[in-house]
Ligand SMILES: Cc1cc2nc3c(=O)[nH]c(=O)nc-3n(C[C@H](O)[C@H](O)[C@H](O)COP(=O)(O)OP(=O)(O)OC[C@H]3O[C@@H](n4cnc5c(N)ncnc54)[C@H](O)[C@@H]3O)c2cc1C
């Protein structure tokens, strides 16, 4: 009796309910773990066999509005690494992983009607609440019912990807409060509500003795490098690559390899190095690998679960060394070991709850996750608020979003990091080049696009979907909505500002979080020398390029006080189109200390307009 286990975002052995249940299973003699590349979500044409005339039968996997690749090169690589890791871990247990291309229901039909004959007695998968994934599940179920003729067990397991299990929530997802704070308050102390993770299986049933081949025209590569190449090759030609000058000496904040093994190593590193304990103080950082956990990519692909992170932090806090993998025993020597929850571990849990909350919002609001007026639009409709009639969009959101069509050129400059606003440009270039950018930078970029440029925020969300290594349906679209003022942010759609609600002033945020313009200098090659000596005038230029003339004029009589390198770097900016003509000039004046503008010490800020 064979079982087919369809994997999606549960690409791990430990804390996996299906693998857990399959140890010594009485019914299934053979199990086929199967990963299917969905051609609408990831471009599969690179997996076509290189024969003359061979062509992918599927349309390109592009986004709805901006027509970007839905899965860009960074995530494609991270996914391939994770699949390869899972494959070798499964092989070590006497099992394996089969990879295929196609619509999930087609592949399952092929196995039930052809490949395995009548030997398949079960098809299992884990739950995923995103709308495309729900549809996939419905389609597979229909095939199992039809082709299985009642003889095939169909089972959908809880994916266990939440920190708090559904059954332990004090409310049903339909009654989820519309603010995170109310949700958090209703949960009570976490320790009682997080279930322990499931152990890694010690053994698994073997693969079926033979597995049907991948149908023509596709071929699954037999090496990790081959798989990465096949997934990245079709994505290669991008006109942005020629627009973004390569940064000098920039190091990715996300140099990590995909997969469960690496995910565990990352948690080990965070605990051993103390980075988990200092997280609260460092989390708004912009540069380096350890200012935040960088667990998002591992969580998004299901290489690790939130409750594993919680459990390992708890083991560290409670001096329960037997609860962590054996190799981590040097944990006992780390500062903070056995001293209970600290500021850092509490803050990580808090963020993991945000993750749960975004998932629950997706369940509550379904497809309005992707609609222009978002959750607020749906809330307004359900309360019979019909503000459109009064010339307003639902929930107080300003209605005049520019469409992608009408704002193509502006969007291109946003994408390529040539807006003229330093923090935004650095982040957009970092995203394109590495697949990662910090939460602080994401908030600013989303606010810049949606609230300052007034462009349809969904195009930004699509671009993030394409570029992010850690793309996650609920987190990405939910956070974009939140910042755009159409999601569950109580201050999101107030009266302030033309586009409605709270918005970040990216120049002020630059001064607050990148006060020496190191982040801008790292990613914006044209700015690499601007401000490197820490003089405030050139930092001002790095953060708000259009200030170049003002700063040079201010210094006309005192240029001797600025070194040649800094002065030349600023002067070189004068001819640059995107510096001279920024997309928008956002006002912010820093109050200059008494000692002169060259002071780099403590500074006071004056708000020119509401900024957060
Ligand atoms: C516009 C925008 C788009 C985003 N898109 C994504 C996305 O596609 N995938 C994604 O995982 N996160 C997304 N986030 C949330 C957040 O920016 C990332 O989770 C975080 O930057 C990842 O880095 P980290 O793992 O070091 O996070 P840490 O700061 O170390 O946080 C720990 C974990 O908590 C969770 N988390 C942290 N912040 C949030 C948040 N605001 N909402 C939900 N969960 C959170 C993540 O799982 C993260 O790994 C987005 C945020 C914004 C503002």
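Any Cβ shown, glycine's included, is placed from N, Cα and C.
TrEMBL entries are annotated by machine, without manual review.
The structure displayed is predicted, hence computed values, not measured ones.
Among 279, 482, only 279 appears in TrEMBL as part of the FAD site alongside 292, 293, 294, 295, 296, 470, 471, 472.
Note on TrEMBL: of 187-217, 218-248, 311-341, the range annotated with the feature region 'Disordered' is 187-217. In the three-state DSSP classification, residue 279 (FAD binding site) falls within a helix. Packing around residue 279 (FAD binding site) is summarised by its Cβ count: 23 other Cβ atoms lie within 10 angstroms of its Cβ, all protein chains included.
Taken residue by residue with DSSP, residue 472 (FAD binding site) is part of neither helix nor strand, so it is coil.
Our reading of the FAD binding annotation (279, 292, 293, 294, 295, 296, 470, 471, 472) yields a largest Cα to Cα distance of 22 angstrom. Sorting the compositional bias 'Pro residues' (196-217) by DSSP state (H, G, I as helix; E, B as strand; all else coil) yields 0 helix, 0 strand, 22 coil.
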